[in-house]
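What follows is a set of notes on a single structure, which appears directly below.
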């Protein structure tokens, strides 16, 4: 894997894809909030964390790919990478808060967020992180969060659980195109498409989770 610079047309595709995803994320907010049961403040909080980290991720990525080369773009890249860690934890949060009062849920949520904050610190404090290392950390953290969610599945509708796993698979499949980006034009844009697909799956999962609550 290499840091092949994206040409102008690729960056337009990258920023357009995640810009559209940012708009979609904003449009999904009212539906997500309306589906959260008013009687469960924790569920509403989980949805708020999910949508906030989702908007941060796509906003940071859109900004990074839209900026011309320079110091601002380098800092936007760090923010983009840090936002990925936060969004992984943010995606886990609604599920962990779906059954308030369970000690295991609280412990798992705390550990996932601790890992996310550590990842943010690494991305923001380190001048340069190897792309393969960053990607490996994202995938590992994502699947650890998914495994941590397994004990929660008894409290999650089957449809939501299925969409949760499908979303994780979409993210993981996208890594193939991320690696291919070293030699194939627009592979990075396809990677973004896989990320958007994974996010869409998790939005559906959260909608089903809250509706069933």
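Even glycines carry a Cβ here, placed using N, Cα and C.
According to TrEMBL, the Zn(2+) binding site annotation covers 65, 188, 192. Feature annotation from TrEMBL assigns transmembrane segment to 12-33, 39-61, 82-99, 105-124, 136-154, 160-180, 189-209.
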Are there any residues at least 6 positions away along the chain from residue 65 (Zn(2+) binding site) with a Cβ closer than 8 Å to its Cβ? List them or say none. 6, 11, 14, 15, 18
Based on Cβ pairs under 8 Å, which of the stretches 12-33, 39-61, 82-99, 136-154, 189-209 lies most in contact with the transmembrane segment (160-180)? 189-209
Including all protein chains shown, what's the count of other C-beta atoms within 10 A of the C-beta of residue 192 (Zn(2+) binding site)? 25
If you run the three-state DSSP split on residue 65 (Zn(2+) binding site), which class comes out? helix
Excluding 65, 188, 192 themselves, the Zn(2+) site's Cβ centre has within 8 Å the residues 6, 10, 11, 13, 14, 15, 17, 18, 61, 189, 191
In sequence order, which same-chain residues at least six apart have a C-beta under 8 angstroms from residue 188 (Zn(2+) binding site)? 6, 10, 14, 177, 178, 181
